[in-house]
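Copied from TrEMBL, the annotated features are:
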BINDING   His66, His105, Glu140  Zn(2+) 1 binding site
BINDING   Glu140, Asp174, His211, Glu256  Zn(2+) 2 binding site
BINDING   His177, Asp224, His226  Zn(2+) 3 binding site
DOMAIN    22-274  domain 'Xylose isomerase-like TIM barrel'
Amino acid sequence: MLIGTHVSQAGGLDKAIGRGVERGCESIQIFNQSPRMWRPTRYGPDDFAAFRAAMADSPIRAVLIHAVYLINCASEDPEIRSKSLASLKQSLHVGDGIGADVVLHPGSALRGHVGEAIRRAGAVFREALAESERSMLLLEDTAGAGGTLGRSFEELQALLEAAGGGDRLGVCLDSCHLLASGYDVRTAAGLTETLDCFDEIVGLDRLGAVHLNDSQTPLGSNRDRHANLGEGELGEEGCVAFLSEPRFEQMAVVLETPGPDKRGTTAEEIAYAKRLRSRGLKARA
Ligand SMILES: [Zn+2]
Ligand SMILES: [Zn+2]
């Protein structure tokens, strides 16, 4: 398991590596541009080479790119879909350049038929994949109000199928989103059952990464509010279950917590996660 966190890419992609190292990360997640604007940051071969060199000299073994929040591949508005496609293509292009997989929220459709929203999103995913080379596209399970796609394993599977079901499609599971969407992952037994269910509906071979966040809101609340590890509804026991889960063994497990001062996950919290991992592994041994 490669424990890490989301870090800033401000000042250049390679700067993210140093920020991950400072926090004791074994993996990192970055945005490939400012997450609240459509305007892309252009990177060239030198930026990618600098990133790869910095990573090779570091203990960081896996990188995720989180696509920007504005993307909505399921939108009924063709202009939003075309901007979403351009932005997703750029994320996958940077992913190809630095050897990262791309995490994406599948989208939402406030009106109309869910099946049609899934088909619209699938078409955008397919086109973005066709115009990039290697990078995996990981659809993240979500939490939110009606219209948010990807809250259930059935819906994730429908999205993967709509996207063509190819080898470069996968899933990123977020512990906070699972809990808020009604999957009881607060104990090792609950997590085991949830992953068995995921395996049956989607297939564990599709699982590409994990986000570990505690949740400010309770089971089935349909609200996405991340909490620091051990301080929310998932609790320490739930965090230990995720951190010692054998099926996450080779995977990047990335924290996206608010941190003590709302400035993101700290080195102390990464160290805490590593202690919880050791505790869980000892208990399972
Ligand atoms: Zn997440
Ligand atoms: Zn979230």
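Just so you know, glycine gets a Cβ as well, placed from its N, Cα and C.
Automatic, uncurated: that is what TrEMBL annotation is.
What TrEMBL annotates, mapped onto the structure for a quick look.
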residue: His66; record: Zn(2+) 1 binding site; Cβ contacts under 8 Å, 6 or more apart: His6, Gln29, Ile30, Phe31, Pro35, Val102, Val103, Leu104
residue: His105; record: Zn(2+) 1 binding site; Cβ contacts under 8 Å, 6 or more apart: Ala67, Tyr69, Ile71, Leu139, Glu140, Thr142, Gly150
residue: Asp174; record: Zn(2+) 2 binding site; Cβ contacts under 8 Å, 6 or more apart: Glu140, Asp141, Thr142, Ala143, Val210, His211, Asn213, Glu256
residue: His177; record: Zn(2+) 3 binding site; Cβ contacts under 8 Å, 6 or more apart: Glu140, Asp141, Thr142, Ala143, Arg151, His211, Asp224
residue: His226; record: Zn(2+) 3 binding site; Cβ contacts under 8 Å, 6 or more apart: Cys176, Asn213, Asp214, Ser215, Gln216, Glu256, Thr257, Pro258
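The residues near the Zn(2+) 1 site, meaning same-chain residues not in His66, His105, Glu140 whose C-beta sits within 8 angstroms of the mean position of the site's C-beta atoms, are Ala67, Val103, Leu104, Leu138, Leu139, Thr142, Cys172, Asp174, in sequence order. Same-chain residues that are not part of Glu140, Asp174, His211, Glu256 yet have a Cβ within 8 Å of the Cβ center of the Zn(2+) 2 site turn out to be Val103, Cys172, Leu173, Ser175, Cys176, His177, Val210, Asn213, Val254. For ligand 1, there are no nearby binding-site residues; that is, of His66, His105, Asp224, His226, none has a C-beta under 6 Å from one of its atoms. Each residue in Thr142, Ala143, Asp174, Cys176, Ala180, Asn213, Ser215, Arg223, Arg225 lies on the same chain as His177, Asp224, His226 and has a C-beta within 8 Å of the C-beta centroid of that Zn(2+) 3 site, without being one of the site residues. On the 0 to 100 pLDDT scale, the domain 'Xylose isomerase-like TIM barrel' (22-274) averages 97 in this prediction.
The binding-site residues near ligand 2, defined by a Cβ under 6 Å from one of its atoms, are Asp224, chosen from His66, Glu140, Asp224.
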